[in-house]
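Enquirer: What follows is a structure written as C-alpha cells; I'll ask about it next.
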There are 2 protein chains.
Amino acid sequence: MVPQLDSYFKEVDGLQDKFIERLREAVAIPSISSEDERRPDVIKMGEWLASQIRALGGTVELRQLGKQPGREHLELPPCLLGRYGDDPKKRNVLIYGHYDVQPAQLSDGWATDPFALSIDDKGRMYGRGSTDDKGPVLGWLNAIEAHQKAGIELPVNLIMCFEGMEENGSEGLDDTIRAEAKRFFKDTDVVCISDNYWLGTEKPCLTYGVRGCNYYSVEVSGPGQDLHSGVYGGVSHEPMTDLIRIMNSFVDPDGTILVKGISDLVAPLTDDEAALYPPIAFTMQDLYQSLGSEVAIHEKKEDALMHKMRYPSISLHGIEGAFYTPGAKTVIPAKVIGKFSIRTVPNMEIHEVTKIIQKHVEEEWAKLKSKNTMKFNIVHSGKWWVEDPKHWNYTAAAKAVERVFGVKPDMTREGGSIPVTLTFQEELGKNVLLLPMGSSTDAAHSINEKLDKRNYIEGTKLLGAYLHYLAEEPTK
Amino acid sequence: MVPQLDSYFKEVDGLQDKFIERLREAVAIPSISSEDERRPDVIKMGEWLASQIRALGGTVELRQLGKQPGREHLELPPCLLGRYGDDPKKRNVLIYGHYDVQPAQLSDGWATDPFALSIDDKGRMYGRGSTDDKGPVLGWLNAIEAHQKAGIELPVNLIMCFEGMEENGSEGLDDTIRAEAKRFFKDTDVVCISDNYWLGTEKPCLTYGVRGCNYYSVEVSGPGQDLHSGVYGGVSHEPMTDLIRIMNSFVDPDGTILVKGISDLVAPLTDDEAALYPPIAFTMQDLYQSLGSEVAIHEKKEDALMHKMRYPSISLHGIEGAFYTPGAKTVIPAKVIGKFSIRTVPNMEIHEVTKIIQKHVEEEWAKLKSKNTMKFNIVHSGKWWVEDPKHWNYTAAAKAVERVFGVKPDMTREGGSIPVTLTFQEELGKNVLLLPMGSSTDAAHSINEKLDKRNYIEGTKLLGAYLHYLAEEPTK
Ligand SMILES: [Zn+2]
Ligand SMILES: [Zn+2]
Ligand SMILES: [Zn+2]
Ligand SMILES: [Zn+2]
C-alpha cells in the first residue's frame, strides 16, 4: 500500500518559513563543543532542543554525563534522550543526530556571520551547523510538526538520541549507548542517522558503510638534544633520515599499499557489489571539483568510487618535532614522530592490521642498522562499518527517496569513519541507515557552511516519508 | 727573537677583576639583534663598545647602515670601524667580532639571569654573549689595556670591524667590507677572527676551514585545499607521499650521500692533511658527550673528525605544511615543502652542486609519475672556506698558543659555516685565521651560555701574544 503523504508534503511546504526560522534560532546558538568558553552555549543548545521537542509533545531527558575526562573543569553537554509516541503496535525507530558544531568565526574567512543564518538568492542558507547537524536534527522535528498540522498520526514511535559532543570525540556517548541498550533503546527496531552528505548536489543517497581508521605514529630519537647540522651533519645518526625511510615504505605515489599482507585481508569484490557503482550519480568532474584540481589517481569513476569506499588507503599526515615553519633552519631534530594512518574496510580485522603494520615497521627499522631508537605507537583505531543494503530499513528509505525526489538513491559507502554507526550496530544489534539531508557542496567543517533550502525542505519530507515506508515495509 | 711578554702577562693577571667587570657591563646590555624591541639595546651596545675603545686611545667610526631591508621600521645597528695605532712600519691586523647576541630569557630555562654575569665556584662565567662574542671582542680591548699598563707598545696596528647583526644574518656587513676593502681595510696584512670554540675543553685550536651550506626546499602541491584522508585517501595523489619519496632519495641512514656525482667533487685526502687529524685532542667520548648519546655513525675519532670537517653531508630538516603538532589529524596536506641542506667542502663548486642536486630531484620526481606539481627551490647557499694552515698568520698564532698554553694547538676545520671568513678572504685577498677563545662546553646559542675565567684571561694573553709573534713572523 502506497502511503498517503500528499497532505503531509503540503504542510511541509506551507510551514517552510517557520522551519527556516527554527533553523535560524538553532544556528544563532554557537554550540561549539571543542572550545571551553562555548561550553555553556552547547548546554544551552541542548536545552533549546529539549524545549522544542517538548513543545511538540515529546518527552525528553537531558542525560547528564558529568565532568569531561581529563578536563575536569568542564561539564559535558547532556545527551538528549527523547521519545515521540509509545504505541506498542508501532515499530520503533532510533534517530541519532548532534546539536554541537565545529568552531567558526568571521575572521576565518566567512562571507557572513557564521552564527546568523544568511540566505542568498539561490536559497543557500549559510551558517555554522546549518547542514552539520542542526538542519537534519530539526528535519525530524519539522516532520513531526507537519504531521500534526496535517492531522496525520506518525506511523512509528521515535526514540531520539541527540548528543552535544560529536565534534569533540563524542565523549560519553558510547557509555550512554551501552548503558541504555537494554533500557531506553531496548525497543529499537532500526536506527537512522542523518549526519552525512549526498555524493553530489542532485541525487540523494543511502549510505551503508564507512571505512575505519587505524592511526599510528613512529617515533625516532637519538641525540640528546637538537643538533646543528653544520657541526654534526655526517657525524651523527639523524632521526629524520631514519624516519623518512620508514615513512617511505608504506605506500606508492599511485596509492598502492606496500605493506605485505594488507591487501590479502580485503573482501573480494562480488558481482553484486560491483553493480552498485556504475549507477552512482558521480563523475570525474565532480571529483576534480571537490579535490580542487585534477590530481585524481584513477581515470574511471568506478575505480575512484571503489578506492574511496571499499579499498584501504594509507596517508602520511606529518612529522612532529621537525622544522615546520617557513624559512630555513639548519637543525638536526633530536626526536621526530611520523604520523600516518590506514583506512580499513571489510574484512580487515583491525588488530590484525596493527600486527602486520607493526611487523612491517620493525622489519624496515632493522634494515636501517641505525643507532637511533624507534618506537611504534597506536594513536587510535576505529573499525569500519558496513550494513546489508538490502535490509528493509534500506528498501523503505529507497522508496521514500523515490517518492520525494523521483529517483532511486545512490547506494554509497563513505571514506571517513562515523564511529557511532558501529556502536549502534554492535550494542543494539539492529540495522543502521545513514540517510543524509545535505549535499556535497555544503562545506561542513569549513568556512561558509550552508544547507540548501531545497535540501532542508525536501529533506524534511524525506524523513517523514521514510517513517511511513518503514512502518509498512515487509521485514522478509 | 722570542717576544718579551712576561710583564704583559703579569698585567693581564693583575687586571683580571677589571676585565671581568668589563665583561659584566657588556653582558648587561641585552643586545639581541633578532628581536625588534631589543634593537635600541644593540645600538647602545655598539656605542658602549665605541666609548671603551676611545677611552683606550683608539679611533672609532660607528658606520650607519640605514634601515633593515624588508623591515624598514628598524634601523640597522652600526658597524664599528676602529683603529688602534697607525705606524706605517708596523703590520696591520684586521680583527673581526660581533657585539650582538642570541635571544635569551630566564624562562627558557637559564639557571641565572642571562643578562647578569654570574660566576660560580669553578670560575664559569654565565651570561648571554659571554663567549659569543662579547668575551673575545673584549679580549682585544683587554690586551690593549694590559700593554698600556705594562708600558709595552703594541707591535702591530689594529684595524677593527665589530658588527651588531651577526646573529641575524650579518645584514649590511658584506656591503661594508666590499665598500671598504680598498679604503678603510686597504692596509690589512692578515685577518683574525675570534668567534668560534675549541674542540674540547683543554686544548686550544686554530681553525683553517669551515664547510659551506647549500639549503634547498622541494615543494609538492596538488589538491586545491587540505583534504580529509577518510574521504580522499586512495583517490587523490598525495603531496606528502611524493615528497617523502623525494626526501628519501638523498642520504642513507649511515650518512652516505646517494646523489650521484657529489662525491666526485670532493678533494681527495692527501697524506699531509690526513696527518692533521690523529693529534687532535678529541675522543669519541667527547663526541658522545656533545651529541648527548652514543649515536655517532663512526667508531674512530679520525673518521668522525673528517666527516665533521672535510666531507660533505646532507641533513633533512623538516616539512612545512604537514601536520606537526602532538595528537592525531587525519589530513592530506595540499601543499608540503621539504627542507634539506648539504654541507659543502673543497673542491665542491656550489653552483655545480646545485645543478647536480636539482637534476637528481627532477629525475626522482619523474619516476613518481605523479599528477602533483613539484618545485625545487634554492633557499640559500654559502660557500665553504679553507686557508693554508702553513701561512705565517697561522704559524705565528701557533707559537702564541704554545707560549701561553704550553701545547701545540689543534689544527681544525669546522662543520658549520662562518660566512664572514669567506668575504674577508675574497674581498681583501688576505689570509684569515680563526683564533677561538671559548671551549666546546660554552653552550653558545643555548641556555646557560658561559665563558670560563681561564679561557677569558689566558685567551686575552693569547690575543696579545699572537700580535707579537705576528709582528716578527717571517712571511717566507
Ligand atoms: Zn556531523
Ligand atoms: Zn561534523
Ligand atoms: Zn653566535
Ligand atoms: Zn658568534
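Glycine is treated like the rest: Cβ placed from N, Cα and C.
Per TrEMBL, Mn(2+) 2 binding site is recorded for B:His98, B:Asp132, B:Asp195. Sequence annotations record features per position, and here TrEMBL assigns active site to B:Asp100. Annotated Mn(2+) 1 binding site per TrEMBL: B:Asp132, B:Glu167, B:His445, in sequence order. Marked as active site, proton acceptor by TrEMBL: B:Glu166. The substrate binding site annotation in TrEMBL covers B:Asp195, B:His228, B:Thr330, B:Arg343, B:Ser417, B:His445. Residues annotated as domain 'Peptidase M20 dimerisation' in TrEMBL: B:216-366. The site 'Important for catalytic activity' annotation in TrEMBL covers B:His228.
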Enquirer: Can you figure out which of B:Asp132, B:Glu166, B:Glu167 (the recorded positions) comes closest in space to B:Thr330 (substrate binding site), comparing Cα atoms?
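Expert: If we rank B:Asp132, B:Glu166, B:Glu167 by Cα distance to B:Thr330 (substrate binding site), first place goes to B:Glu167.
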Enquirer: Would you mind sorting out which of B:Asp132, B:Glu166, B:Glu167, B:Asp195, B:His228, B:Ser417 (the recorded positions) have a C-alpha within 10 A of the one on B:Asp100 (active site)?
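Expert: The recorded positions close to B:Asp100 (active site) (Cα within 10 Å), listed in sequence order, are B:Asp132, B:Glu166, B:Glu167.
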Enquirer: Select from B:His98, B:His228, B:Ser417 the binding-site residues whose C-beta atom falls under 8 Å of at least one C-beta in chain A, and return them in sequence order or as 'none'.
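Expert: Cβ contacts with chain A under 8 Å: B:His228, B:Ser417.
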Enquirer: Helix, strand or coil: which one is B:His98 (Mn(2+) 2 binding site) in, per DSSP?
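Expert: DSSP call for B:His98 (Mn(2+) 2 binding site): strand.
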Enquirer: Measuring Cβ to any atom of ligand 3 with a strict under-6 Å cutoff, which of the binding-site residues B:His98, B:Asp132, B:Glu167, B:Asp195, B:Arg343, B:Ser417 qualify?
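Expert: Checking each Cβ against ligand 3, the ones under 6 Å are B:Asp132, B:Glu167.
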Enquirer: Can you go through the binding-site residues B:Asp132, B:Asp195, B:Thr330, B:Ser417, B:His445 and pick out those with a C-beta less than 6 angstroms from ligand 4?
Expert: B:Asp132, B:Asp195
Enquirer: Taking the Cα of B:Asp132 (Mn(2+) 2 binding site) as the centre, which of the binding-site residues listed as B:His228, B:Arg343, B:Ser417, B:His445 lie within 10 Å of it?
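Expert: The binding-site residues passing the 10 Å Cα test are B:His445.
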Enquirer: Which binding-site residues are spatial neighbours of B:Glu167 (Mn(2+) 1 binding site) here, meaning Cα within 10 Å, out of B:His98, B:Asp195, B:Arg343?
Expert: B:His98
Enquirer: According to DSSP, which of helix, strand or coil covers the residue listed as 'active site, proton acceptor'?
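Expert: In the DSSP reduction, the residue listed as 'active site, proton acceptor' maps to helix.
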Enquirer: Near B:Asp132 (Mn(2+) 2 binding site), how many other Cβ atoms are within 10 Å of its Cβ?
Expert: 26
Enquirer: For the domain 'Peptidase M20 dimerisation' (B:216-366), what is the mean per-residue pLDDT, to the nearest integer?
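Expert: Over the domain 'Peptidase M20 dimerisation' (B:216-366), the predicted model scores a mean pLDDT of 96.
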Enquirer: If we check Cα distances from B:His98 (Mn(2+) 2 binding site), which of the recorded positions B:Glu166, B:His228, B:Ser417 wins as closest?
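Expert: Considering only the listed recorded positions, the nearest one is B:Glu166.
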Enquirer: Could you name the residues, excluding B:His98, B:Asp132, B:Asp195, of the same chain that surround the Mn(2+) 2 site, i.e. Cβ within 8 Å of the Cβ centre of those residues, in sequence order?
Expert: B:Gly97, B:Asp133, B:Pro136, B:Val137, B:Glu166, B:Glu167, B:Ala444
Enquirer: I need the most crowded of these binding-site residues: B:His228, B:Arg343, B:His445. Count other C-beta atoms within 10 angstroms of each C-beta and give me the top one.
Expert: B:Arg343
Enquirer: DSSP secondary structure for B:Arg343 (substrate binding site), reduced to helix/strand/coil, please.
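Expert: Looking at the DSSP assignment, B:Arg343 (substrate binding site) belongs to a strand.
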Enquirer: Neighbour count first, Cβ atoms within 10 Å, every protein chain included; then name which of B:Asp100, B:Glu166, B:Glu167, B:Asp195 tops the list of recorded positions.
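Expert: Compared across B:Asp100, B:Glu166, B:Glu167, B:Asp195, the most Cβ atoms within 10 Å surround B:Asp100.
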